[in-house]
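Annotation comment: Swiss-Prot describes 1-24 as signal peptide. According to Swiss-Prot, the domain 'Peptidase S8' annotation covers 102-610. Feature annotation from Swiss-Prot assigns active site, charge relay system to Asp139, His212, Ser542; the stated evidence is sequence analysis. Residues annotated as N-linked glycosylation site in Swiss-Prot: Asn170, Asn352, Asn376, Asn379, Asn631, Asn644. Residues annotated as compositional bias 'Basic and acidic residues' in Swiss-Prot: 198-213.
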Amino acid sequence: MSSSFLSSTAFFLLLCLGFCHVSSSSSDQGTYIVHMAKSQMPSSFDLHSNWYDSSLRSISDSAELLYTYENAIHGFSTRLTQEEADSLMTQPGVISVLPEHRYELHTTRTPLFLGLDEHTADLFPEAGSYSDVVVGVLDTGVWPESKSYSDEGFGPIPSSWKGGCEAGTNFTASLCNRKLIGARFFARGYESTMGPIDESKESRSPRDDDGHGTHTSSTAAGSVVEGASLLGYASGTARGMAPRARVAVYKVCWLGGCFSSDILAAIDKAIADNVNVLSMSLGGGMSDYYRDGVAIGAFAAMERGILVSCSAGNAGPSSSSLSNVAPWITTVGAGTLDRDFPALAILGNGKNFTGVSLFKGEALPDKLLPFIYAGNASNATNGNLCMTGTLIPEKVKGKIVMCDRGINARVQKGDVVKAAGGVGMILANTAANGEELVADAHLLPATTVGEKAGDIIRHYVTTDPNPTASISILGTVVGVKPSPVVAAFSSRGPNSITPNILKPDLIAPGVNILAAWTGAAGPTGLASDSRRVEFNIISGTSMSCPHVSGLAALLKSVHPEWSPAAIRSALMTTAYKTYKDGKPLLDIATGKPSTPFDHGAGHVSPTTATNPGLIYDLTTEDYLGFLCALNYTSPQIRSVSRRNYTCDPSKSYSVADLNYPSFAVNVDGVGAYKYTRTVTSVGGAGTYSVKVTSETTGVKISVEPAVLNFKEANEKKSYTVTFTVDSSKPSGSNSFGSIEWSDGKHVVGSPVAISWT
């Protein structure tokens, strides 16, 4: 996932690929998360932690509690053998014993692109000075010295805040302020599996030695910083989406990954600390919700009124590649900005190709230089990829080298070329990345070109008897069209866990994003990169997620009474799916119009989300009904919800009737498929009429009633959508459409995805 934007650090290379069970260094033990039925604690215990410890002692003399959980789940984590875990499962009050899982990270112009600028206070008057809304970020920590955490102009820390600032290696509590009001770190689960943290390589504290966490938290809620840029690129004023909101960081990711026991502990603390929004740019694979630590923790946060925003993943453009698909999570894909960093690949045959680059340094001589394909400068089978140790110095010295994208980090390829004596690099996309161009702060003159240009350049360099080339770096341009387009790396639907829930929910800027950076690493994150920068430009759904987190904080400041579902609804139903000329958003991976499986409800539009007209709200009871519709057992529901809940055998539960702002219809034969929704007026009195669009004539979409008349604010109205299928299509076929309600002032849109199973 993160390999789609790996330009920064070796950290990403060490992360587990996918949602994987963590293997211990010991063949006997692993970390387990134990869910307990809190209400079943025997009266002989005065504290739940004592009960947990006693239960553990009954099956092991040596096992110790790593964490006890009170908010995210009821239970604890510990190290056990498989036999001990099986034995613990038989103890009274134990609901489940789940193995630790490891997650991966999904990793100035943006506010203007989204319509947020110095006039933001006109749209969000309650957030114009400073806000008491707190954005919690689970990531790699924070670089507190960054200007993005300046508390100038901020009032006192909110009285509702219950969090703290933890000291540790290279970090003191005094580094927090009225902006950065909380900082914690969680490493017990990580260290129990990976061993003690090597403090010569990373700080055992909230300090961010990687950069990812500083980038995401400042994207969500960084203070206004004038004169921001990366090496002169993207210069301007940097600001987070909610620059007057408070920030609390929870460091859960380390060099070896992000572990579910630590993530749950961080969510547990964040709930107790009273954050309002949780931003998590991490994930991995797909798993049933009762086995997914992020989904379980997010459910508890949702119950406390905390919106949870998560990255969709960087495994696109493959279908069904999403992470974080629980319906109580806002799942965010990535799109581009209207800003680019062009750099020309100039060939000796007179042809030029535009790529992208963030290189800053001594330019190449103003002449054509010898040019070689990496595959012809190596004896290794993967020499074309410019991996460490594969290039023959005698063949590349003094030359520009063409490398193919894949396997190792883009910037690492340039480092390999430079180490072998090459003077420049042309990096070519392959079919996996198509025409998507992600800019990097290379260590030598370099440009990245798309697949089509790469094919032409490769043919030239491998067939011309004396190929030559040069590279010209052109700086920053804005106003690029079309924009946005869906990023190729952005993970796609359909949702393989619950196909009747359309995911991702929406997209936000996630390509070439400028935000604050750590002072402990260069912009590439490579050990050979001695440069230090205050801001960096990187890409991934890791970057799009905090955009939505920050926008949710803005909406929370304006509408403090709104639930997480209401805030998500406002963001989704006001998202746009077309450009200003009416043409549909494009998918860079195909060059064709994107679909709801690519962009969800569309691209976020904060200027309209403040007044959506109608919202689709959801309660905890609705989500419990959803779990019943999945045929979850009572213990499985309890693992997710921390409560003893029994589905009503006399009630018919349907995933299709979850009050979600989108429609995913799975067709299994001809017939009628009915979906019910309830909308709440937040725009006052008004009469809304429905408009239905559909790509296919094989499915008739009808809405009853077709008109909703609201007499006052907060009034609720229900409607039923019937999808009548009168023709079959091959399994795997998809068709798309939309359902829109409008009163002439508001347009409340919902995407429709129809899939034949």
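Note: Cβ is positioned from N, Cα and C throughout, glycine not excepted.
Structure coloured by features recorded in Swiss-Prot.
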residue	record	CB count, 10 Å
Asp139	active site, charge relay system	28
Asn170	N-linked glycosylation site	15
His212	active site, charge relay system	31
Asn352	N-linked glycosylation site	11
Asn376	N-linked glycosylation site	15
Asn379	N-linked glycosylation site	9
Ser542	active site, charge relay system	33
Asn631	N-linked glycosylation site	9
Asn644	N-linked glycosylation site	14
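Under DSSP, the residues of the compositional bias 'Basic and acidic residues' (198-213) split into helix, strand and coil as follows: 2 helix, 1 strand, 13 coil.
The distance from the Cα of Asn644 (N-linked glycosylation site) to the Cα of Asp139 (active site, charge relay system) comes to 32 Å. Asp139 (active site, charge relay system) and Ser542 (active site, charge relay system) have their C-alpha atoms 10 Å apart, to the nearest angstrom.
If you measure from the Cα atom of Asn170 (N-linked glycosylation site) to that of Asn352 (N-linked glycosylation site), you get 49 Å. With respect to His212 (active site, charge relay system), the closest of these recorded positions in Cα terms is Ser542, chosen from Asn352, Ser542, Asn631. Calculated from their C-alpha atoms, the gap between Asn379 (N-linked glycosylation site) and Asn352 (N-linked glycosylation site) amounts to 29 Å. Secondary structure from DSSP puts Asn376 (N-linked glycosylation site) in a helix. Here the Cα atom of Asn352 (N-linked glycosylation site) is found 33 Å from that of Ser542 (active site, charge relay system).
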